[in-house]
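Below is one structure, written out as structure tokens; comments come after it.
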Amino acid sequence: MRFLLQSITLVAAARAASIDLESLFGPYVSPETEIAEVGDADFDEVVSPRWSEWRPPTWTGAIKPQTEEDLQEIVRIAVANNVSFMATSGGHGTSLIYGTVKGLDINLANFNNVDIDLESNTVTVGAGAKLGDITEPLYKAGKAIQTARGNSPCVGVIGATIGGGIGYETGLFGLGVDALVSVRIITATGELITANETCNSDLLWAIRGAGANFGIITAATFKMFDQPNNGDAVIGTFVYNSSKSLGVFEYLSVLDNVLPPELGVQLSIGYDRTINETLLTVDIKHFAPWATFVDHWEHAEALGPISRNVSNVTLVELYAGLDGPCQTGAYVSGGTVGLGRTDAATMQEVFDDMTAFYEQYPGYLGQSLFQRYANNNTLKTPAHTAVYPWRDTKMFWLHENIFLNPELEAPTNELLVSLREKLHATSGFPADQPHIYVNYAFGDEGPEAWWSKENLPKLSYLKRKWDPKGVFGKGTPIPRF
């Protein structure tokens, strides 16, 4: 391994207004590492793909390291030469702040290993592994983990988890960060270290909810669980027209205190332009035998759906079908707020506001999602084990603005903020304490909303310790002072 001083000495002359990336990095990384400037014929093959066209970073080049040693050298050289960079995997992160980022893309796609250890009951995944990469190996092993499963198969495992890690199996297994037992992480000095309960435990605390701010995680190890229901699930999709909206919202409020752990529910508000009507879709994922699903089916049927589809599937089939966010080319921004209670009247206001917006802007394709997972197991984990603060959230609202014309950005941003304020006002949480799940953040909420006022002093201290120059975590930055 080459040492930092050697790298600095040899590349110091490369500092200039225009940096030749091949000259800067090429001599110090393995031959398999790919380097491309913007405009090179192979740039699109080296840079990480992005899901959304909204506020993307401006890349000055891209590099795809082959080994951890390559990645260490890249970080050392970039920091020494004031080359801004951002490590990427699935390319699904969005934030208002990303549009201000200019720098080098470090594509982690080559770190896509998935290693199951039945003896220790853990699985280790590389930085480039996608959720689709882990589903079948876990299924064949009869195991499961809660690492934000419920996201699409093209989403990066680690990125989707280190902000909290919610998904359809949250009721059964709790948060993804609570199953995170160890990481290998490259810090701002280029050092590769381990963080677990016995080594750098404070850093592990910070990674469990704010991991993107402290380095590049090359591998993460998670505790596994026995697969629920022998790897099978019952899934039901029920679609309702606008006349049923309030009844559907009232049904959702019934689940506030009686949601069983094996049940995951997502309600979405969207618009069907073939019939020019706002529709509600209730997706139910039931990780238990068919017989125990019947009550939920009967409730959904009693609300009068215009269509329904119910089937038995394997977990592999279930998660392979969640491929919506794998489609690229549109402008997509996201925003969120956590809810401690379901207020049907407020949800009806959201429905009405979105209907008016759909009718005013024919090019708008967005949707609002309300995600319900039992939080009993989430609450069982002591709060002091992770910086993730919002364990009392009962329902996660995720609003996705989707449009093809960039001129719609301003009105869609206003819609998102307006809906967020309405929902927070009746969320059951204090007015000055919005519960923002950082993985869904719009980008304007601020660190107190992402990690809580109580956690910020310790979190800022650790940021100063591990990343004093703020080279990591550009999308949701931690204040250092």
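Heads up, the Cβ atoms here are built off N, Cα and C, so glycines get one too.
Positions annotated as domain 'FAD-binding PCMH-type' by Swiss-Prot, on the basis of sequence analysis: 52-227. What Swiss-Prot records for N82, N196, N241, N276, N309, N312, N376 is N-linked glycosylation site, and it gives sequence analysis as the kind of evidence. Swiss-Prot lists H92 with the feature pros-8alpha-FAD histidine, giving sequence analysis as the kind of evidence. If you look up Swiss-Prot, you'll see 1-16 marked as signal peptide.
Locations of recorded Swiss-Prot features on the structure.
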residue: N82; record: N-linked glycosylation site; Cβ within 10 Å: 10
residue: H92; record: pros-8alpha-FAD histidine; Cβ within 10 Å: 23
residue: N196; record: N-linked glycosylation site; Cβ within 10 Å: 15
residue: N241; record: N-linked glycosylation site; Cβ within 10 Å: 16
residue: N276; record: N-linked glycosylation site; Cβ within 10 Å: 10
residue: N309; record: N-linked glycosylation site; Cβ within 10 Å: 11
residue: N312; record: N-linked glycosylation site; Cβ within 10 Å: 14
residue: N376; record: N-linked glycosylation site; Cβ within 10 Å: 14
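In the three-state DSSP scheme, N241 (N-linked glycosylation site) falls into the coil class. For the pair N312 (N-linked glycosylation site) and H92 (pros-8alpha-FAD histidine), the C-alpha distance works out to 29 angstrom.
Among the recorded positions N82, H92, N196, N241, N309, the residue whose Cα lies closest in space to that of N376 (N-linked glycosylation site) is N196. Looking only at Cα atoms, N241 (N-linked glycosylation site) sits nearest to N276 among the recorded positions N82, H92, N196, N276. Here the C-alpha separation of N276 (N-linked glycosylation site) and N82 (N-linked glycosylation site) works out to 52 Å. DSSP assigns N82 (N-linked glycosylation site) to coil, not to a helix or a strand. In the three-state DSSP scheme, N376 (N-linked glycosylation site) falls into the helix class. According to DSSP, H92 (pros-8alpha-FAD histidine) sits in a coil region rather than a helix or strand.
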